[in-house]
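According to Swiss-Prot:
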TOPO_DOM  1-23  topological domain 'Cytoplasmic'
TRANSMEM  24-44  transmembrane segment
TOPO_DOM  45-137  topological domain 'Extracellular'
CARBOHYD  N54  N-linked glycosylation site
CARBOHYD  N114  N-linked glycosylation site
TRANSMEM  138-158  transmembrane segment
TOPO_DOM  159-166  topological domain 'Cytoplasmic'
TRANSMEM  167-187  transmembrane segment
TOPO_DOM  188-194  topological domain 'Extracellular'
TRANSMEM  195-215  transmembrane segment
TOPO_DOM  216-225  topological domain 'Cytoplasmic'
TRANSMEM  226-246  transmembrane segment
TOPO_DOM  247-250  topological domain 'Extracellular'
TRANSMEM  251-271  transmembrane segment
TOPO_DOM  272-339  topological domain 'Cytoplasmic'
TRANSMEM  340-360  transmembrane segment
TOPO_DOM  361-373  topological domain 'Extracellular'
TRANSMEM  374-394  transmembrane segment
TRANSMEM  398-418  transmembrane segment
TOPO_DOM  419-429  topological domain 'Extracellular'
TRANSMEM  430-450  transmembrane segment
TOPO_DOM  451-485  topological domain 'Cytoplasmic'
TRANSMEM  486-506  transmembrane segment
TOPO_DOM  507-555  topological domain 'Extracellular'
REGION    526-555  region 'Disordered'
COMPBIAS  526-540  compositional bias 'Basic and acidic residues'
Amino acid sequence: MAFTDLLDALGSMGRFQLNHTALLLLPCGLLACHNFLQNFTAAVPPHHCRGPANHTEASTNDSGAWLRATIPLDQLGAPEPCRRFTKPQWALLSPNSSIPGAATEGCKDGWVYNRSVFPSTIVMEWDLVCEARTLRDLAQSVYMAGVLVGAAVFGSLADRLGCKGPLVWSYLQLAASGAATAYFSSFSAYCVFRFLMGMTFSGIILNSVSLVVEWMPTRGRTVAGILLGYSFTLGQLILAGVAYLIRPWRCLQFAISAPFLIFFLYSWWLPESSRWLLLHGKSQLAVQNLQKVAAMNGRKEEGERLTKEVMSSYIQSEFASVCTSNSILDLFRTPAIRKVTCCLMVIWFSNSVAYYGLAMDLQKFGLSLYLVQALFGIINTPAMLVATATMIYVGRRATVASFLILAGLMVIANMFVPEGTQILCTAQAALGKGCLASSFICVYLFTGELYPTEIRQMGMGFASVHARLGGLTAPLVTTLGEYSTILPPVSFGATAILAGLAVCVLTETRNMPLVETIAAMERRVKEGSSKKHVEEKSEEISLQQLRASPLKETI
């Protein structure tokens, strides 16, 4: 008998599972706020050079005649953001006048920012514009680098230390580093603490998903995965609302970091994965956890009858060949695991490139930043409803592949939207982003089901590393737009379609119990191949019999 049978006996979908899932998914929702935070804290307001300090007019008028005389206009008739005249051009104050070839220079005395929407951002505070504009993208890349490092570190630690310890530490690290980011006043310190925050993103997501999935019965894993997606949707909507109410970037940074101190405090009462405890010889603690689960689910008597011997009868066949010392090579050692790993590398990387390419630069759509953020969050709800139905009734593989391919096609189609139609362009991009967000959540669940328990955390961490590489690559792909406007959408769309094709190679896991060991995984694949071969053989024999039967002559 399997461990899932033991969960069924103790109440597989009771009050414990509901409370446990809610407490783990709430922090995941707020992580979405941190992921997209720089859309607001690093927003670039309209700006232009400050006039020369040695002119008395500079202190009296930065918007009228003085502005027209000192700042050239760009092609759209707005003040040039990065250049100013070397000397005031008073002749420009005359109607319909122009001075072609007037000498200009950089913004030696700083910039004047429009603070009507954003009273303060890191761009204003450290002048991350013009020649320094790449530092803004660098800050986001540093955050994504932290997510990348965290995926490798926390994925490996969880296999050795369990899920609970790294999760508790991640909550504390995020609360502390988030507060420090809001406190320190240097750009270098900002980047350091954003890196530490990025690390916790992986630590929280990977361990939360594993704890939710491993305490869920087979029939509840799909719902748990979809709830994770809804928590991300809620987090994006919360970000839009909180950012609208709290405009200064330091206050906003602190406001979305402080709740993780509360998550840190209650996380001490979350139980460790009993699967992991059993695999690492801590059966007594596993029994105690299962007894608490049984009591909370109204199965106290069943829990009291649970002993090490009874538990071993459920799991003996599954854990007999478990080796608790695993390395990254185990992800490539056997054929079945190797195929899963290679496909997931492509899927996670490509999905991430397309997703962050759309979602991390909302100002390019030309609409209200708060409105676009809310729209990009709301669109996830119908996408998740469709994903829920298809994952339950159709399967994981078809759902993920369809969403990825559809998203890729929509991103490429956005190239053909006429200029000046911001609403149509934003709506189409939002639909593509909804498909990518849904596929991302489905892939988290799918990955956890594809890998066996003994290397599940390592596998999810390794796959997540490639997603973070994709997140690092997305800003670089965006810069290709300076050479050709078609390169970014073609790149994002093509990678999404490639990921969808890679999904088709994987095995369907709908309504299948979690595999505990690598050996069991190989046996399942071989048995599946043998069964398919037998079915094909049987079908071939039946067709041969049909051709030879008298019935054929009457058709």
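Glycine residues also receive a Cβ, built from the backbone N, Cα and C atoms like all the rest.
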Within-chain partners of the transmembrane segment (340-360) [C-beta distance under 8 Å, separation at least 6 from its ends]: 36, 38-39, 140, 144, 331-332, 376, 400, 404, 407-408, 411, 429, 432-433, 436-437, 439-440, 443, 447, 450-451, 459, 462-464, 466-471, 473-475, 477-478, 488, 491-493, 495-496, 498-499, 502-503, 505-507
Region pair the transmembrane segment (374-394) / the transmembrane segment (167-187), three or more CB pairs under 8 Å: no
Cβ neighbour count within 10 Å of N114 (N-linked glycosylation site): 12
Beyond the flanks of the topological domain 'Extracellular' (247-250) by 6 or more, those residues with Cβ under 8 Å of it: 40-42, 117-122, 125, 182-183
Highest-contact recorded stretch vs the transmembrane segment (251-271), from 24-44, 195-215, 398-418, 430-450, 486-506, CB pairs under 8 Å: 24-44
Cβ contacts under 8 Å made by the transmembrane segment (195-215) with residues that lie 6+ beyond its boundaries: 7, 16-17, 20-21, 24-25, 27-28, 31, 34-35, 142-151, 153-155, 158, 163-164, 166-167, 169-171, 173-174, 177-178, 181, 221, 224-225, 228, 257, 270-271, 273-276, 293, 444-445, 448-449, 453, 456-457, 460-461, 464, 468, 514
Recorded stretches the transmembrane segment (486-506) and the transmembrane segment (24-44) touching, at least 3 CB pairs under 8 Å: no
Intrachain residues whose Cβ lies under 8 Å of the topological domain 'Cytoplasmic' (216-225), provided they are six or more past its termini: 4, 7-8, 12-13, 17, 21, 209, 388, 391-392, 441-442, 444-445, 448-449, 510-514
Long-range Cβ neighbours of the topological domain 'Extracellular' (361-373) (under 8 Å; 6 or more residues past either end): 36, 39-40, 43-44, 117, 236, 239-240, 243-244, 422-423, 425-426, 429-430, 478
Helix, strand and coil counts within the topological domain 'Extracellular' (419-429) (DSSP): 8 helix, 0 strand, 3 coil
Folded-back contacts onto the topological domain 'Extracellular' (419-429), same chain, C-beta under 8 angstroms, at least six residues removed: 358, 365-367, 372, 375, 410-411, 413
